[in-house]
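The structure under discussion appears below in the form of structure tokens.
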2 protein chains.
Amino acid sequence: MANITKKVSWSSRGDESGAAGEETPLLNGSEQSRPLRQMSSGSTVFQIGRLSTVDLDEEITTEEQDSARGRPKEIPHNEKLLSLKFESLDYDNIENQLFLEEERRMSFMAFRCLEISRWVICGLIGFLTGLIACFIDIAVEQLAGLKYKLIKENIVKFTEAGGLSISLLLWVALNSFCVMWGSIIVAFIEPIAAGSGIPQIKCFLNGVKVPRVVRLKTLVVKVVGVIFSVVGGLAVGKEGPMIHSGAVLAAGVSQGRSTSLKKDFKIFEYFRRDTEKRDFVSAGAAAGVSAAFGAPVGGVLFSLEEGASFWNQMLTWRIFFASMISTFTLNFFLSIYHNKPGELSNPGLINFGRFESEAMEYNLYEIPLFIAMGAIGGGLGAFFNFLNYWLTIFRIRYVHRPCLQVMEAMLVAAVTATVAFIMIYFSTDCQPLGPDHTEEYPLQLFCADGEYNSMATTFFNTPERSVRSLFHNPTGTYNSLTLGLFTLTYFFLACWTYGLAVSAGVFIPSLLIGAAWGRLCGILLASTTSTASMWADPGKYALIGAAAQLGGIVRMTLSLTVIMVEATGNVTYGLPIMLVLMTAKIVGDYFQEGLYDLHIKLGSVPFLHWEAPATSHWLTAREVMSSPVTCLNRIEKVGTIVDTLSNTSTNHNGFPVVVQVSGDDEPAKLCGLILRSQLIVLLKHKVFVELARSRLTQRKLQLKDFRDAYPRFPPIQSIHVSQDERECMMDLTEFMNPTPYTVPQDTSLPRVFKLFRALGLRHLVVVDDDNRVVGLVTRKDLARYHVGKHGLEELHLAQT
Amino acid sequence: MANITKKVSWSSRGDESGAAGEETPLLNGSEQSRPLRQMSSGSTVFQIGRLSTVDLDEEITTEEQDSARGRPKEIPHNEKLLSLKFESLDYDNIENQLFLEEERRMSFMAFRCLEISRWVICGLIGFLTGLIACFIDIAVEQLAGLKYKLIKENIVKFTEAGGLSISLLLWVALNSFCVMWGSIIVAFIEPIAAGSGIPQIKCFLNGVKVPRVVRLKTLVVKVVGVIFSVVGGLAVGKEGPMIHSGAVLAAGVSQGRSTSLKKDFKIFEYFRRDTEKRDFVSAGAAAGVSAAFGAPVGGVLFSLEEGASFWNQMLTWRIFFASMISTFTLNFFLSIYHNKPGELSNPGLINFGRFESEAMEYNLYEIPLFIAMGAIGGGLGAFFNFLNYWLTIFRIRYVHRPCLQVMEAMLVAAVTATVAFIMIYFSTDCQPLGPDHTEEYPLQLFCADGEYNSMATTFFNTPERSVRSLFHNPTGTYNSLTLGLFTLTYFFLACWTYGLAVSAGVFIPSLLIGAAWGRLCGILLASTTSTASMWADPGKYALIGAAAQLGGIVRMTLSLTVIMVEATGNVTYGLPIMLVLMTAKIVGDYFQEGLYDLHIKLGSVPFLHWEAPATSHWLTAREVMSSPVTCLNRIEKVGTIVDTLSNTSTNHNGFPVVVQVSGDDEPAKLCGLILRSQLIVLLKHKVFVELARSRLTQRKLQLKDFRDAYPRFPPIQSIHVSQDERECMMDLTEFMNPTPYTVPQDTSLPRVFKLFRALGLRHLVVVDDDNRVVGLVTRKDLARYHVGKHGLEELHLAQT
């Protein structure tokens, strides 16, 4: 709603007013209407977000100038906004008296038991994640098998008789039908389940409370949705959603209850707080990666790279345990499913197949080639992200109604099938069907008997199988034209697909595109030199290309290297894969951010990166903090508290608690910090001083009451406080955190940032020399600053 | 010198006075003399360490009672002491005005350049570490080859002629000679270079300033020493020292100068502070691991597990880069050395050889066996540590003179050779010498022609080769008796060897012991069942045994798993290795700490673990802090400063800077923090207010002056301050850190610990409600508390 801007002047930029129009993000077009509408409703809106030391009138002018000046140049989007709707998770324990009393009561043995429970939970998380992966795999295999069999029979029937358009129609209809259901449940039931879920999990681990992201409903929609979309033949993978699924499972299992199902097992109550929950969600995400790629170490690294702000040996070890259990469970149940119990050859959903060391060793002179391929991957990845970025903006503006989203998804499914059909139809790349062919559904079409259509091995198959074929099929299986055409079409299809309202991952399509052009590179190399044996196997180049493309799109670093190495099952490729990913990242970052970061940015999420922007030493806490702050007295009138909480224009979540020292003339000193959620529980249980006196036998409020309410605290509106009660007093001493972290006003932004990020804070109180509250730093105050093309830039805050 | 104890009462332990005698560590025997001597020199000694709120007289009584009561029960050692001689590294940037001005002056491009320099430095670190590894490898191979050839010829000569005792003498003489030199340089030139260096690097990364640990001299002694000790036939490996070597290189390269060689390249000056240096040392340690085991990912994880308190994506990626370059360099130069340029088959110093997947796949029913082997490894590891622990205490007490140390090392070398000779001599295990035998120096001895002595393959070889033979030699190469005897003797030899004054690692001996009994397990399993094919390859069990034994001794977790997996080059073994390491750690931890932690503890190092002890919520900052604190005024008399710094009884390193507000009655408020090192630079440059006024043209003190003095700041005694100058004033405003982190007095210990550990602090100021300094928390205040067998225990502080 309100959109409050603030200018910061940089010495490096002389002409501030002139530059502002170019750099300040704009709100116009469809997005602009809302802020303007709000603005007319009076000056109150400016109390919504945060007030700074800057004059308000000035701000309004600036913004209006901006939108007026910028309109002809910039197309509207919300990349440079920071939404105020996201709350923060609290990764700092609220060490109030209740908590400390509980901790002090606990014996050493009790802590041991807790530790053991943590291991048990991690084991459970791993096991269940493995089971879900297994379920998805089997369901997809069965349904896709059914579909391909049906279509293949149909095609065989009509190839000779003519009328292949009927086959096409069948294919299109089947795909659209599947995708329709996959899209309907996502768009109408749980929109947060769309996409791979990786950006959402990144945000969660970063400390942003993304609404409904770890709920049971999301999990169900995610799992069913991904089955439909993969079976529907979209250019998607089933790997990304596994990470989200693992995380949801972890959040559920670790709490020992399901709020959705209204079932409380009365176990693991100690873990009902953000700090502990995050650790388990990390484990869940890792278990998901592990099940998806058969990469337990990669899973751990993924969790750490995305989530951990503080590395803890035991935590890491537990996460690794969950990962191992997960891949093992999947492996075990799939081995039973494949009627080879005990043969553990399917550690992940995607199986790169076995790379034999001898056949595929690389030589020193190939390394520059690999690096060049990395650069290509980086460039293509940036192009992919660029296209997807504009597509997403288009979707935000025009395709936001659920039924439109479903229709778009169906359209993509139909187009995918049609394109695939046309490509296969016109392809003349016939290959002999060897005795040991690995194709599940070889299409003969117009090829001679004993031969099959090579294009069909890439299109007429689940993407996972196509990747494997590209890696391992012997030299000569594909001709260059097939690969080139396939790369081109699949690139655009995958780009169009990502961001649809279906549950689907981008890993496999990226790998497939990369494997196709990588293999093409290998074939071209072999054809340019006379000694073909020098470039032994095009499969090797397919692998490098796949790594380059994936790296260029998602820009993960260490974790992706390890995931790729583990998925190939061969350490030999460590160095080339690392070089390729590094090059792809450097080249890609030059043009455009990674796909996940882009989507996080487009969601206006207050995401905290690893470090404060390098050039932000100019700013101090005084400038970044929100002020003035609504403070509460240690013994406060209930009416005041209710009014403060009910004030929709502020909607604060943390309140410094202050105490008046001597007389009214001197400002109050900080003595604690209390959260909205705590106050709500207190109000609900009517913990008022007068009541406590009159009813001495009344049960004392315990930590358990707070835990029972976690994480869905009721809104203030649902709590009825009578007029008499409003006159009562509340003593916050016992419930507030008496030792909140504080910083002096002059602390530089990087220093504030470091403290905030390293400890996973939600509120950081800024105090003056006399320990008086002067401001409050929250996540959005820090996430606002980022390095743009012209130095430090500031995002606008918006109530979108 | 002084030894100040403090009692804390626990509610969980009823009888405090009764329990104290048993749990309080003691100082008697030879260690006790010093504290007592100091104690008689007056009450001043009690100002040395830290004064608490507890009464002093009570403490003295307690201690004397303890020593009187405990003497008959406990043998003297210093495990439960915390030395005050270790200073802390400062991983928190000192953001004073000078620093902020510099940062603010820097453009975005300058930060880019810094980032590029960081990459260049990491590349250099990796390259040089690889080169050193290469040098060590080639030197050891050449010299050991020479030695074995000489002895073999001699043995062959005397086998038939009789008089093999001459061969034994030759062997003993050669070994002792080598070890003598290796030991002399360590014992007389640089004692810190003894052992593997891993505990020292762990301490450094943890934030403890271990004197001389990252100096050039240490590196030279380390490298030369390890060559001598491996060639000298000791039961040691050359892998551990690589980690230390990499770290020293990193510390040197990143500073762009060598203080020892008095050479300043005037580059990388920005990196001359603890914060930046630590990051590079992490990279160096990782590069060392990577070169040692061919495990780049394992190296990164090692650095993170041991060092990182805060995970940063770019830092991790840089560390990974250094690791990759390091293993690649080693690989490349070794391939040239082996006349196969470009064939990258030697990624590390230890090469486990190629494990073929088909031959060595494991079955589900083998997993319980692996876990059982893990338990055995944990038990044996704990026993190893237990023996080594007592041996180390013995050494601390009786073998502390350098010449004694050299003699002990020579004795061990002689005994090792003798035992090996006797074992080989009496062994009757003859094996046929196949056409493709891998033995470098097969000894025939009393075997028939065309056969060789099997015991000799384990003893008459470098340990690395022996490990490889145990992993890969075909079934039937060793008989059970040989392996059993070898395990037994080598176990005790390795245990005796670790802790000698030689530069040597414990990884390879551990692997060798484990591989021997692991292979024995494999052979026994095969012999108990009729279907020998079920337990296909004893090499598989050798690998599991090696992992179990190593895990049982060093107790590393994720990093060791990845190192083992990378060294085997086969991801298939991920799950069993992880299970084995986990079991070994759980079983081992039940009995005894890991070897490195044990040695850190014996060194009385104030090492901060990941988290505060679980049951420490009882304690608050008020109880753990040092108080009273020596504070300085913002404008302070030079004389006062000099006196404060010269006071040898306090020897503080950080001083809160305070400002008097209104009148003398009110206590001073905190306004900053200044370090001893900064004050010394200020005094050296005579930055006095009066001088600045009189000589207006004087060059202003810059950050560069501090950087030039880093890290070897002169002692206060070397700075001459005249009587006139003593009357001058110094203005600390510009140099102090104006925004030190603070905590209120009531903050619980875990909360203080978390802040301190996560941000890598050196000083944490404790303030009251009015922002007045009441105490200072430093590393030793936090490291003192640990969980013992009877709950929370407190270590004694000692000036040893």
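The backbone N, Cα and C atoms fix where each Cβ goes, and this holds for glycine too.
As annotated by TrEMBL, compositional bias 'Polar residues' applies to A:1-12 (among others).
TrEMBL lists A:27-43 (among others) with the feature compositional bias 'Polar residues'.
Under the heading domain 'CBS', TrEMBL lists A:736-794. The domain 'CBS' (A:736-794) scores a mean pLDDT of 89 in the predicted structure.
Sequence annotations record features per position, and here TrEMBL assigns region 'Disordered' to A:1-43.
Residues or ranges marked as transmembrane segment in TrEMBL: A:119-140 (among others). Long-range Cβ contacts of the transmembrane segment (A:119-140) within its own chain (Cβ-Cβ under 8 Å, at least 6 residues beyond either end) map to 223, 226-227, 230-231, 238, 241-242, 245-246, 249-250, 253-254, 268, 271, 280, 283-284, 287-288, 290-292, 318-319, 321-334, 337, 348-349, 462.
If you look up TrEMBL, you'll see A:168-189 (among others) marked as transmembrane segment. A Cβ distance under 8 Å defines the sequence-distant neighbours of the transmembrane segment (A:168-189), meaning residues of its chain 6+ beyond its ends; these are 143, 147, 150-151, 154, 217, 221, 224-229, 231-234, 402-403, 405-406, 409-410, 412-414, 416-418, 420-421, 500-503.
Remote same-chain partners of the transmembrane segment (A:219-237), defined as residues 6 or more beyond its termini with a Cβ less than 8 Å from a stretch Cβ, comprise 132, 135-136, 139-140, 143-144, 147, 171, 174-179, 181-183, 185-186, 189-190, 193, 197, 244-245, 248-249, 252, 350, 409, 412-413, 416-417, 420, 462-464, 490, 493-494, 497-498, 500, 502-509, 511-512. According to TrEMBL, the transmembrane segment annotation covers A:219-237 (among others).
Residues or ranges marked as transmembrane segment in TrEMBL: A:280-303 (among others).
Marked as transmembrane segment by TrEMBL: A:315-337 (among others).
As annotated by TrEMBL, transmembrane segment applies to A:367-391 (among others). When Cβ-Cβ distances below 8 Å are used as the criterion, the transmembrane segment (A:367-391) is approached by residues 491-492, 494-496, 498-499, 510, 513-514, 517-518, 521, 525, 541, 544-545, 547-555, 575-576, 579-595, 598, 602 of the same chain, each at least six residues removed from its ends.
The transmembrane segment feature in TrEMBL is assigned to A:403-426 (among others).
What TrEMBL lists as transmembrane segment is A:490-520 (among others).
Among the features that TrEMBL reports, transmembrane segment is placed at A:541-565 (among others).
As annotated by TrEMBL, transmembrane segment applies to A:571-591 (among others).
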_If you count every Cβ pair below 8 Å, which range out of A:280-303, A:315-337, A:403-426, A:541-565, A:571-591 shares the most with the transmembrane segment (A:490-520)?_
A:541-565
_Spatial neighbours of the transmembrane segment (A:541-565) far in sequence, C-beta under 8 Å, 6+ residues away_ = 289, 293, 295, 297-299, 301-302, 304-306, 352, 355, 370, 373-374, 376-382, 384-385, 467, 470-471, 506-507, 510-522, 525, 535, 571, 573-574, 576-578, 580-585, 587-589, 593-597
*Report, as numbers and ranges, which residues of the same chain sit near the transmembrane segment (A:280-303): CB under 8 Å and 6 or more residues beyond its ends.*
121-122, 125-126, 129-130, 132-133, 201, 204-205, 214, 238-240, 242-251, 253-254, 271, 315-316, 318-320, 322-327, 329-331, 346-351, 507, 556, 558-560, 562-567
*asked:* Should anything in the same chain at least six residues away from the transmembrane segment (A:315-337) have a Cβ under 8 Å from its Cβ atoms, list it; otherwise answer none.
replied: 118-119, 122-123, 125-127, 129-131, 133-134, 137-138, 246, 250, 279, 282-284, 286-291, 294-297, 299-300, 303-304, 308, 343-349
*Sort the residues of the domain 'CBS' (A:736-794) into helix, strand and coil with DSSP and give the three counts.*
16 helix, 25 strand, 18 coil
